[in-house]
Amino acid sequence: MTATDILKVSILGKESIHCGFHLLPHIAQTVLTTLPSSTYILVTDTNIANFHLNAFEKEFESALERLPSGAASKPRFLSHVIAPGETSKSREGKANVEDFLLLNRCTRDTVILALGGGVIGDLIGFVAATFMRGVRFVQIPTTLLGMVDSSVGGKTAIDTPLGKNLIGAFWQPEYIFIDAAFLETLPSREFSNGMAEVVKTAAIWNEAEFGSLESNSAEIFAAIQTPSENYAGRTKHTRSKAQELLLSVIVGSISVKAHIVTIDERETGLRNLVNFGHTIGHAIEAVLTPTVLHGECVSVGMILEAEVSRQMGILGQVGVGRLSRCLKAYNLPISLSDPRIASLPAAKLLTVDRLLDIMRVDKKNSGAEKKIVILSRIGATYEQKATVVQDSIIAKTLSEAAKVIPGVLKHDPVKMATPGSKSISNRALVLAALGKGTCRLSNLLHSDDTQVMMTALLELKGASFEWEDEGETLVVKGGEGALSVPPKGKEIYLGNAGTAARFLTTVCTLVQSSPVDNAPTTIITGNARMKQRPIGPLVTALQANGSAIEFLESEGCLPLSIAPNGLQGGNIQLAASVSSQYVSSILLCAPYALEPVTLDLIGGQVISQPYIDMTIAMMREFGVAVTRRVDPNTGAQLNMYDIPKATYVNPSVYSIESDASSATYPLAIAAITGTTCTIENIGSASLQGDARFAIEVLERMGCEVTQTAASTTVRGPAVGQLKAIEEVDMEVMTDAFLTATALAAVASGKTRILGIANQRVKECNRIRAMMDQLAKFGVETIELDDGLEIIGKPIKDLKRGVSVHCYDDHRVAMAFSVLSTVVEDTIIEEKRCVEKTWPNWWDDLENKIGLKVEGVDLASIAPKASASGTRSPDTSASVVVIGMRGSGKTFVGKAAASALSWTFLDADAFFEEKHKIGVRAFVHERGWSAFRTAETAILEELLREKAMNHVISLGGGVVEVPEARELLKQYAANRGPVVHLSRSLDEIVKYLNAETARPAYGEPIEDVFRRREPWFAECSSHNLVNHFGPNSMASEKGSRDEIARFFKHITGQQPNLAPNVAAGRRTYFLSLTYPDVTQAFPQIEQLSEGVDALELRVDLLRSSKDYELPGPVIPSESFVSDQVAALRNVTSLPIVFTVRTVSQGGAFPDAAEKEAFELLDLALRLGVEYVDVEVTLPTYHIRDLVARKGFSQIIASSHDWSGNMKWNGDLVKEQYEAAKQFGDIIKIVGKATSIQDNFHLYDFVSKASSLPQAKPIIAINMGIEGQMSRILNSMFSPVTHPLLPVKAAPGQLSFKQIQEALHLLGLLPTQRYYLFGTPIAHSMSPTLHNTGFEVLGLPHQYELLETSEVGEQIKATIAAPDFGGASVTIPYKLDIIPLLDELSPAAEAIGAVNTIIPQTTSSDGKSWKLYGDNSDWLGIRDSISAYVSSVDTALVIGAGGTSRAAIYALQALAAKTIYLHNRTTIKAQELACAFPDARIQVLDAIEQWPEGVAPPSVIISTVPAAAMTAASANNIFPLSNKLFEYRDGPAVVIDMAYKPAETPLLTLAAQAGEHWKTVPGLEVLLKQGYVQFEKWTGRRCPKHAVAPSVRSKYNGES
Ligand SMILES: NC(=O)c1ccc[n+]([C@@H]2O[C@H](COP(=O)([O-])OP(=O)(O)OC[C@H]3O[C@@H](n4cnc5c(N)ncnc54)[C@H](O)[C@@H]3O)[C@@H](O)[C@H]2O)c1
């Protein structure tokens, strides 16, 4: 046998764990010789079999050959391969293996070898435990998790549908062979998964081991990433250093577990310790499995449990920080906001309640109490077992938001230190690393930024680091400036750490050429954001000085390639107006240049001088004196520095000053709560600008401040007594402005803060952020060019219950937590963002300051009201219209009132009535201010008194008054819609020049516009863009239709939702994939054939200005508003508004979440009917949006492009549940790889839809294989059209294709439609309807049924199962009625039926009723309203059935007077009596309306054309020009006579003037036909195709 070096570990008294590399020969030899048997069975999974089975079979076969041939028969070696994955670990999986054993006649003496990960180990172990009452088995783990965890300890189990690992046994293996070479084929994610357990074991047991893991992650990864050739590692002398390290880590971890198992095999006490991270980790896993792996969940669990310990005051932040960094170094997630978790739909289900609920059934619990393993420091636990922890503590840790409970400060006077300064920490690391000797750094900040800096310095071999005092002290052994290029292929990764990137750029120039096996240059790089941040000026300066630096991607940004040439030195010129960090970078390295350096700062204003001073002061402490030059004549300081050649001399101890910006928070809390706080590590001698906050801000606000060189004490005035500061320049302490702003909010008076313009480009636009969030408290602010003003309010007047959004900015969170100490119920969302500079802020607030902090689960609180917030769904609440004067409020308001049948109210008119004086005169006499006061009072009265069924138009200036704005915001939030009507400045100016009725502005209109527009936006819940002017594309009718649609939708009077959804029909939307949708308009009719809605793919939009830009573009809000408005001009179909992100298959950048939500919010403001919201977006944003949706609907969507989601798996259930929480409609999109996937989909949808209160679900599979799902899907199937430039998704079909497919599948059987009447041979109806069917791909047929009476033939026809509907014409419109079950109100009133519609009455569609309707009147109504918007007086000629329809139509249009003339007057009088409400006046002669009254603007003739002529003597209806007397606006003549096309009436009308429009009978016929078509099929009739074919048939016949 080949020599193999084995490390043996003892467990339960036996040295049965054998560890090493390439152990196969050793395994075969050991098993065959020490476990004699007749049968050896190896079980593995297909993944592992691919790599390793062959070798095992060969080795065992040949070892069996070599066995001494004493025995009767040679033992057998059999192998059995099963499917990989957790699903094999089931009862069925176990039975399958058992059947294999039984079929192969295995007996009690069988030895089973479990070759695989934890799944194989657990399953095969359990099989071994019960097969023949227990057989021997051997564990050969192939995953890291298997090696360090599942194979050791004898726990075996299988899963059941009710839970994991619920059935199993303790069954110890004979051997555990740990062959670390298996890890070389293991996917790296699986390796990390195992590392979680390794880190865990070290964390609870062995600090030294933890230290080794902390500093060796790169080497450990390298060991599994480099294949070991020729069995390298099998023997000690062939083992690489990396292999040694890997093995020692594994063996170390196993030894701890083996030790614990040996003491407590059955898990009664000590063995609980290995459950560190598992209490919370398991709960997370229960929700996220199988997408997130066990180790990944445990990794997050460990951090959360460590935070529980920190919260209990047991573990320090140092411990939490070390644990976080270590897990991160092994690519493990450390929080639920890790994108790998947060982007999963199931992450939405991780609510605090749900997690606590799952933890309730943990095995470790005693009764109702939960137990958690509490760390006391790295390497030790608080107790030798799990500790009981209260639910409230766990809940607080798990909550994403925090709430401070105002009250007495328990620790007043407070004495504390804040965490180390980030700036000083980073400088100290560079200085100590470059210095000579050992330096002990204390109070180092434990954050990402410093971690990145340390890792980089290690990679450059510039220094070595070690932790002392349980991590409180970092021991740096300086490398005296010796640095080397990292190995080939190794880039220095800096994440988004700006300081590290700037400092290290110069540090890397110091590197000297290195040994041959290293790379030729050093490469530093960062994450995507870092690759956009500037570094150009620094690189330019270094290049000019002779350094060879190249930009590898974009000019001016990381990544950089830096040659190891050393830094030249001499004169260096640097532009320092962008960042002082460039200056510090060169200063820090300058002593190591080849020549002494003179640094000359050029290019104007030097930014942030205090930071440059800080660097120089710190260099002095490390033994290098920099001199700043002085102008010999004036004595003024110059921007020129001389740095000598030198080596830093490390002080033995360097205490890092606390962070002065952080210190502002506890000091401000003292100020606002009237208590005392001392910060122990910051005083007047501080290097940091923010140290001046106490004196320059707090003292001026009325605090007592005592500052020594090294400490600062603040005592606040009594609560509520803070004073505003008239003006303060915070240029030298910009980061502290947020703290000052929070205090100013409750100070008496107005505070003006200046010098902080740079805060707009920090983690967020901090000025805007503070203004927006303060507004939620009711605090007014005014933005200035380089600052802001805050108008303070008494604490009691601030709003309670505000939820503060923090923009992921630590300073926003901490500043508002100051305010929350006096304003009850303030919620700070995203509490974790403080981790950037003060990870334990919330714990310190409780433990050191003494205010109780609670966790808040945002998912469980009701959405908060905001200006456009939740409203009671009161559909009669009045609408308020606001906007600039000249924006069209009166026109739009009146049109809206008419559409809603509500009352229009002009606030100015109301004002005049009330004050008995015109607005203009009032202002003239009493001045603007009196007018504004009076106007606000009127507003208050209107909102109270006219709260229902009014459209109220307000004066443009109303928003100038803060109280009025507040009233409007309240109204919008709690009562009804406030609509901001906007119009471009140009158009307003044009309009106003022509208008003088109201007072003129005393200032340029542009200024008024700019000032008021933001207020209008802020006070309104909706926005209507006025595109209705004469220059717009919309016709007068189009404008009215759109105004009607908009107001009916937003008030809920008639939400513009797709009617087919409610009717239970299949529905479709067309995806418009244009960069500019107006390109679709020429063919919009064709494109929208058959569909129920149009999808606007906002992520694909690009204005002409952006057209050429490379990469993704975020369309501006104004462009998107214009696109929506333009679309509304050409269609009234509902719009589906979609901002599809890249990861969900669209083009919108994933990182631009904020912008995405701004657009979605815009959609709701614009009254868009359906808004698609991806479930992976942050929950708090989604909740906000849902709260504002009004009568629009949310489509909650999730897309899986990977093909991982299976419709019969667990993931889809999670997606469904997540979407169900907030979607009105659920959309799940998967990917099909076979047709079977569509059947699974169908099953899933059927089951989901049969649940009570099921929501509609859009379920489709992408790809060609998924086409079938698009056919079967019944809710909003996205369709394409042959005329579209590109399909929105692969596999999309057109509406027509889907109808044809449905027909072939038997899901859309042919229906027959008829025309009943006689004579009907020349009817146009068959052409009309059959063309429509054909164009839409519907399999139906329309035919003539000419009968001599309404008899048996018709009865049989309407009873046939394929009867789809019928048109009824003369002479059967009345005779048909007895055969019908029900009449529409119109048919009832008109007394005639022209349309029969079968309506199903049972859910299976097998029974139906016959419904009689009349569409003639709709044809007439639509013909009138196409030209005339409101009818005053009309004339109807004739008194037959058609004139009844005409009167009904005129009545519906609210005509004030209807003249009726008929040859026989008596018949006309009868008709008038039938419509008592229609205000009919019967005329004896056709033109004889009374003198002096308005002539008709609408004339409808219902008599045959032959009955009317202009000239003939014996005419019945003599016609003259007098008929067309009406001149005051548009007017219309409709001749219902169907032939000839040009009747005498129409001919005469055509001569009456431009304003008289004519409508021939054929057009009315078409219009009523469209209505019939839609009533029958639920589809809009494709007019663009139907009308020409009907006209051509008509013309051919006449
Ligand atoms: N008994 C215990 O004490 C204990 C402890 C922890 C976990 N577990 C159980 O372990 C299971 C998880 O184990 P796991 O993480 O090892 O998962 P696993 O067994 O499913 O293996 C992970 C994946 O890696 C593949 N794989 C394994 N080794 C490979 C190799 N060397 N090269 C290439 N591919 C390889 C597998 O085919 C599988 O697809 C769970 O069922 C869990 O309940 C048990």
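Glycine is treated like the rest: Cβ placed from N, Cα and C.
Pulled from TrEMBL:
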ACT_SITE  GLU267  active site, proton acceptor
ACT_SITE  HIS282  active site, proton acceptor
ACT_SITE  HIS1199  active site, proton acceptor
BINDING   ARG133, ASP149, LYS155, ASN165, 197-200, LYS257, 271-275, HIS278, HIS294, LYS363  7-phospho-2-dehydro-3-deoxy-D-arabino-heptonate binding site
DOMAIN    81-192  domain '3-dehydroquinate synthase N-terminal'
DOMAIN    194-365  domain '3-dehydroquinate synthase C-terminal'
DOMAIN    417-845  domain 'Enolpyruvate transferase'
DOMAIN    1315-1396  domain 'Shikimate dehydrogenase substrate binding N-terminal'
DOMAIN    1432-1507  domain 'Quinate/shikimate 5-dehydrogenase/glutamyl-tRNA reductase'
DOMAIN    1561-1587  domain 'SDH C-terminal'
REGION    1-391  region '3-dehydroquinate synthase'
Among the recorded positions ARG133, ARG271, HIS282, HIS294, HIS1199, which residue has its Cβ surrounded by the fewest other Cβ atoms within 10 Å? ARG133
Mind checking which of VAL199, VAL274 has the fewest other CB atoms within 10 A of its CB? They're the binding-site residues. VAL274
Integer Cα-Cα distance in angstrom, HIS294 (7-phospho-2-dehydro-3-deoxy-D-arabino-heptonate binding site) to HIS282 (active site, proton acceptor): 8
How many neighbouring Cβ atoms, not counting its own, are there within 10 Å of the Cβ of ASN165 (7-phospho-2-dehydro-3-deoxy-D-arabino-heptonate binding site)? 15
So how many of the residues in the domain 'Quinate/shikimate 5-dehydrogenase/glutamyl-tRNA reductase' (1432-1507) end up helix, strand or coil by DSSP? 25 helix, 18 strand, 33 coil
Quick note, ASN165 (7-phospho-2-dehydro-3-deoxy-D-arabino-heptonate binding site) and HIS282 (active site, proton acceptor): C-alpha atoms separated, nearest Å, by 12
For ASN165 (7-phospho-2-dehydro-3-deoxy-D-arabino-heptonate binding site), the three-state class that DSSP assigns: strand
Which listed stretch (81-192, 194-365, 417-845, 1315-1396, 1432-1507) has the most C-beta pairs under 8 A with the domain 'SDH C-terminal' (1561-1587)? 1315-1396
Could you measure between ARG133 (7-phospho-2-dehydro-3-deoxy-D-arabino-heptonate binding site) and HIS282 (active site, proton acceptor) for me? Cα positions, answer in whole angstrom. 31
Conformational class of ARG271 (7-phospho-2-dehydro-3-deoxy-D-arabino-heptonate binding site) under the three-state DSSP mapping: helix
Measuring Cα to Cα, tell me the gap between VAL199 (7-phospho-2-dehydro-3-deoxy-D-arabino-heptonate binding site) and HIS282 (active site, proton acceptor) in whole angstrom. 17
Its residues classified by DSSP, the domain 'Shikimate dehydrogenase substrate binding N-terminal' (1315-1396) shows 29 helix, 19 strand, 34 coil
Distance [Cα-Cα, Å, rounded] between ARG271 (7-phospho-2-dehydro-3-deoxy-D-arabino-heptonate binding site) and HIS282 (active site, proton acceptor): 17
Where DSSP helix means H, G or I and strand means E or B, what are the helix, strand and coil counts for the domain 'SDH C-terminal' (1561-1587)? 22 helix, 0 strand, 5 coil
Per DSSP, the domain '3-dehydroquinate synthase N-terminal' (81-192) contains 49 helix, 33 strand, 30 coil
If you measure between the CA atoms of VAL274 (7-phospho-2-dehydro-3-deoxy-D-arabino-heptonate binding site) and HIS282 (active site, proton acceptor) and round to the nearest Å, you get 13
Per DSSP, three-state class assigned to VAL199 (7-phospho-2-dehydro-3-deoxy-D-arabino-heptonate binding site): helix
Fill in the CA-CA distance, HIS282 (active site, proton acceptor) to HIS1199 (active site, proton acceptor), as an integer in Å. 27
The domain 'Enolpyruvate transferase' (417-845) [mean pLDDT, rounded to integer]: 91
